[in-house]
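Following: one structure in structure tokens, then a few remarks.
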């Protein structure tokens, strides 16, 4: 698979009416005043530098320091190598912040316009791969702010008014997570469609259902496939819930205590599509529960996908032989010429361990931290980025696999008679005749014992053999025996009966807007 882009386009939620900015929600937010014209600034001047120059550049926080950090400390503490993927969100937050500062009279409109145009130019440079990310500038925030200062000078120094990197990074990360969730939900819908379409192509196919990996009862294949559709729907719901809880703005909380400057946090929250500002400034910068919830949801989704992978790896084996993946989603062996392996689904199963591990990493990271912000939080990014990239790949390849498999109907049908799959249906027959279920369970168990000793199936027994165990059996019993008859007897809501499964399929066809297969 190709690399997955982890920079997401920003989508906005409903805006707060308390803002002085536009309350439109489903269009891009403009941070230029009406009637102003955007102009393209000259390219950033070269930021190439040797080690000498780098060591002499004063850190933006360096006022009280008399020595530069050592090279080892600088390399150990930098995060630009991974947090630069937040550049869109960082620029977006800075635009909203600058517009608010101007609106509140904390900077001039001229300064604001210079800042906005400079940020636009930096974004273009980044997207054209012409921006030089500098380790000595530590992180995405400092790289962009320092570059903005190089570009426009004095106005850039006013941008950080009433803002700390503590609330800045929390804002950026919430925006990133919000966009990532939107992308994942779209991918889940695509996988659900692939599974439903596969079910529609095999609507009447009966397969063995298993418990303890032992044959249990006959079920329709669409019923099995819709199991994963339902699980994915709950996963999507968890993402929606997570998105709603994280969609509150930390911006303006500053380091931890807020500010005495007359900022408008509702204005920036609205501009960025947040529901409203977070109520408590310490909470805004000191908690990463939104990251944990997102990581848990990825892990839970990963477990569901892992079980799908396990099912299909088994079914593709010679021992089962229920499905055949196409060559386009299979791989071979370097030594065994005959091999055709369902590697994508094996890796889906395997990569679930990564998303679980990423969750455990951040759970451990957050345990026992004192209030408020701690540099430990820098370590929440890589697990989050890895988990998100991994779960997206797992979802995508599962959909690809579902679109490139065929079920071996003849092989499945030949295997169906084995295992006495209709035994429970036979017990239900006796219940319908008035027998207590425990008694019917005992009688059918004894009939299975007869079949095992004779090497036959229940439907091969004669009526006389059945009557030896209970006079309740009549000729109509044969309408309950055999996998087809057994499946047709299921009628409870959500069951594997043909009518029930048809209703389930109809529900998902409508919900997912599937028009053809």
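First residue shown is number 1, and so on along the chain.
Glycine residues also receive a Cβ, built from the backbone N, Cα and C atoms like all the rest.
According to Swiss-Prot:
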ACT_SITE  212  active site, proton acceptor
ACT_SITE  333  active site, proton donor
BINDING   79, 166, 211, 341, 373, 378, 381  2-(N(omega)-L-arginino)succinate binding site
SITE      346  site 'Increases basicity of active site His'
TRANSIT   1-45  transit peptide
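Features as recorded by Swiss-Prot, highlighted on the structure.
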{"residue": "79", "record": "2-(N(omega)-L-arginino)succinate binding site", "CB count, 10 Å": "20"}
{"residue": "166", "record": "2-(N(omega)-L-arginino)succinate binding site", "CB count, 10 Å": "21"}
{"residue": "211", "record": "2-(N(omega)-L-arginino)succinate binding site", "CB count, 10 Å": "8"}
{"residue": "212", "record": "active site, proton acceptor", "CB count, 10 Å": "6"}
{"residue": "333", "record": "active site, proton donor", "CB count, 10 Å": "10"}
{"residue": "341", "record": "2-(N(omega)-L-arginino)succinate binding site", "CB count, 10 Å": "15"}
{"residue": "346", "record": "site 'Increases basicity of active site His'", "CB count, 10 Å": "16"}
{"residue": "373", "record": "2-(N(omega)-L-arginino)succinate binding site", "CB count, 10 Å": "22"}
{"residue": "378", "record": "2-(N(omega)-L-arginino)succinate binding site", "CB count, 10 Å": "17"}
{"residue": "381", "record": "2-(N(omega)-L-arginino)succinate binding site", "CB count, 10 Å": "22"}
Practice item. Whole-number Å only: compute the distance from the Cα of residue 381 (2-(N(omega)-L-arginino)succinate binding site) to the Cα of the residue listed as 'active site, proton donor'. Key: 37
Check your understanding: Hey, how far is residue 346 (site 'Increases basicity of active site His') from the residue listed as 'active site, proton donor', Cα to Cα, in Å?
Key -> 14
Point to revise | Binding residues 79, 166, 211, 341, 373, 378, 381 (2-(N(omega)-L-arginino)succinate) - maximum C-alpha distance in whole Å | key: 51
Point to revise | residue 212 (active site, proton acceptor) versus recorded positions 79, 166, 333, 341, 378 - nearest by Cα | key: 341
Revision key, fill the gap. Spacing of the two Cα atoms, residue 341 (2-(N(omega)-L-arginino)succinate binding site) and residue 333 (active site, proton donor), in whole angstrom, works out to 8
Study note, to complete from the structure: According to DSSP, residue 378 (2-(N(omega)-L-arginino)succinate binding site) sits in helix
Study note, to complete from the structure: Quick note, residue 211 (2-(N(omega)-L-arginino)succinate binding site) and the residue listed as 'active site, proton donor': C-alpha atoms separated, nearest Å, by 32
**Study point:** For residue 166 (2-(N(omega)-L-arginino)succinate binding site), the three-state class that DSSP assigns
**Key:** helix
Study note, to complete from the structure: DSSP output for residue 211 (2-(N(omega)-L-arginino)succinate binding site) maps to strand
